[in-house]
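Enquirer: For reference, the structure I am asking about is given below.
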Amino acid sequence: MTDCCPRCAHESVRTLHSSPVPGVWDVLQCGRCLYTWRTSEPARRTRRDAYPEAFRLSSDDMANAAEVPTVPPLRSSGPSQKTGLTDG
Amino acid sequence: MAYDDLREFLSTLEKEGQLLRITEPVLPEPDLAAAANAAGRIGDDAPALWFDNVKGFTDARVALNVHGSWANHALALGLPKHTPVKEQVEEFARRWDAFPVAPERREDAPWREHTQEGDDVDLFSVLPLFRLNDGDGGFYLDKAAVVSRDPEDPGHFGKQNVGTYRLQVVDRNRLAIQPVPVHDIALHLRKAEEKGEDLPVAITLGNDPVMAIVAGMPMGYDQSEYEMAGALRGAPAPIATAPLTGFDVPWGSEVVIEGVIESRKRQIEGPFGEFTGHYSGGRRMPVIRIDRVSHRTNPVFESLYLGMPWTECDYLVGPNTCVPLLKQLRAEFPEVQAVNAMYTHGLLAVISTRKRYGGFAKAVAMRAMTTPHGLGYVSTVIMVDEDVDPFDLPQVMWAMSSKVNAAGDVMILPNLPVVELAPAAQPAGLTSKMIIDATTPVHPDQRGNFSTPTKDLPEAKDWAAKLQRLLSETRG
């Protein structure tokens with residue numbers, strides 16, 4: 001177990017799922033970088049002190065992350081708020 | 001033999017000795033991915049892997065490496081399992097000629113058995129999700145066939161796209177998706193986002209083996225993957241109507257997930273160990289809200305390990321990358337003999353061709369780079385003569401070593417488009433492309449001293465047959 005996100009050290013971590021066999025593992029998720037891990041994984045994926053430098057994320061990394069694909073400009077006719085779910 | 005669903009194919013793989021059931025208890029991580037990774041390191045006849053004793057789960061069923069060997073790829077196409085790879089590609093190309101084959105609509109889809117909707121959606125309760133590689137940002141669906149429609153032409157069956165895109169599970173009912181700009185779903189998303197609309201999607205998991213092949217196949221924008229599946233199967237592809245979106249989805253899927261890509265939103269995604277043998281990620285990508293999940297009783301979770309090639313991904317997208325390029329080139333240049341674009345989804349291609357006149361091979365190479373797939377992928381082209389087999393790499397190396405004079409045979413074309421995932425691109429999405437012309441120069445190209453090549457002796461073919469016969473008699 002770890003008290004913070006192994007990847008970005010954020011301290012807000014939530015439980016996304018727990019093992020159907022009680023008590024075997026939990027799936028946790030960081031509230032900031034969304035890193036998701038299972039508590040039964042090796043230390044290199046679950047512990048901040050063992051998490052590889054190459055995969056660590058800082059708040060700067062997240063702030064500067066590129067958009068893929070970029071959000072296009074809205075067409076001049078103006079947006080509609082349809083969900084689009086009803087087209088067939 | 002046309003398989004209507006994954007289960008039928010798994011049954012055939014087992015009968016053919018190409019499915020290995022792992023019965024001992026394993027950890028979800030790192031065991032599932034490590035086993036699938038290892039399958040790619042034990043030769044060309046590696047089996048599919050089946051796990052149903054995964055610690056912490058009560059009823060997990062995981063299928064991995066289903067396409068992960070030439071034997072399994074041959075069986076997926078209904079060919080004998082020992083069919084050589086070049087013959088598999090040739091048969092694939094031959095069946096392509098039957099395109100389009102109209103699909104067959106069925107209404108009794110087995111994935112209609114169970115449904116989750118709205119706030120009750122919880123992917124973790126349906127699938128035994130797990131991580132593949134150490135640096136992955138989370139758990140991924142990486143072998144799904146994702147269906148979307150052109151928002152400006154939603155009734156056009158051919159423009160309805162079926163493609164495989166990486167999907168990160170970021171919540172019980174949310175997925176991050178990577179719509180690579182050169183792929184069809186990115187065109188659909190762009191049109192929807194320009195209007196400020198969400199883009200509906202249907203994500204199908206655990207499909208018949210030909211669906212997985214066509215979903216990763218570079219086809220024309222208005223060509224239907226279902227009609228191609230019919231051609232490759234030799235029988236109409238069975239499809240059904242997804243209940244929420246109304247989209248056409250495979251009849252035989254294990255799980256059908258429906259929802260929308262939320263318009264004009266981006267969220268941190270990845271990284272994910274990609275087909276390039278490198279991670280990509282830490283970028284802001286679109287997000288899918290899941291509104292409905294339909295699934296079979298006891299669904300099988302099919303996943304795919306990918307990492308440093310070769311892995312299942314390379315077998316899955318090898319032939320299906322070669323054949324479209326071959327067909328598109330031959331349509332204009334019948335001199336083209338064969339295309340081997342099996343390296344990193346066609347980032348590199350080897351093409352054999354007859355030469356119409358001097359410089360022709362280089363022109364064919366440039367055309368390969370401007371095919372629909374080539375635009376985003378083909379970055380290095382090695383051109384070889386018509387008597388060199390592009391699938392026989394020692395022959396290709398001979399052509400490169402003996403025919404190439406770099407000053408006239410190597411062309412560097414700067415700043416051309418490439419998928420953003422290509423690790424050598426600078427900046428991402430842009431690269432210099434290279435043509436290596438290892439063909440023999442023909443008039444008016446007079447360079448080099450190629451007038452007297454050695455050829456196999458006319459009698460060598462008969463001798464080869466004789467030697468093989470004598471050898472087999474000696475060995476009994």
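Our numbering is plain: 1 for the first residue shown, then up by one each step along the chain.
Quick reminder: no glycine exception, Cβ is built from N, Cα and C everywhere.
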Enquirer: With TrEMBL as the source, identify the stretch among B:101-120, B:441-460 annotated region 'Disordered'.
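Expert: Going through B:101-120, B:441-460 one by one, TrEMBL gives region 'Disordered' for B:441-460.
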Enquirer: With a Cβ cut-off under 8 Å, give me the same-chain residues at least six positions beyond the ends of the region 'Disordered' (B:441-460) that come close to it.
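Expert: Contacts with the region 'Disordered' (B:441-460): 355, 357-360, 403, 405, 408.
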Enquirer: Near the Mn(2+) site, what residues other than B:Asn161, B:His183, B:Glu225 in the same chain have a C-beta no further than 8 Å from the centroid of the listed C-beta atoms?
Expert: B:Val146, B:Ser148, B:Val162, B:Gly163, B:Asp184, B:Ile185, B:Ala215, B:Met219
Enquirer: Fill in the CA-CA distance, B:Tyr165 (prenylated FMN binding site) to B:His183 (Mn(2+) binding site), as an integer in Å.
Expert: 9
Enquirer: If you average pLDDT over the domain '3-octaprenyl-4-hydroxybenzoate carboxy-lyase-like C-terminal' (B:315-438), what do you get?
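Expert: That region's mean pLDDT is 96.
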Enquirer: DSSP on B:Glu225 (Mn(2+) binding site), three-state: which is it?
Expert: helix
Enquirer: With every protein chain in view, how many other Cβ atoms are within 10 Å of the Cβ of B:Glu225 (Mn(2+) binding site)?
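Expert: Within a 10 Å radius of the Cβ of B:Glu225 (Mn(2+) binding site) lie 27 other Cβ atoms.
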Enquirer: Which one is it, among the recorded positions B:Val162, B:Arg166, B:Glu274, that lies nearest to B:Glu225 (Mn(2+) binding site) by Cα separation?
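Expert: If we rank B:Val162, B:Arg166, B:Glu274 by Cα distance to B:Glu225 (Mn(2+) binding site), first place goes to B:Val162.
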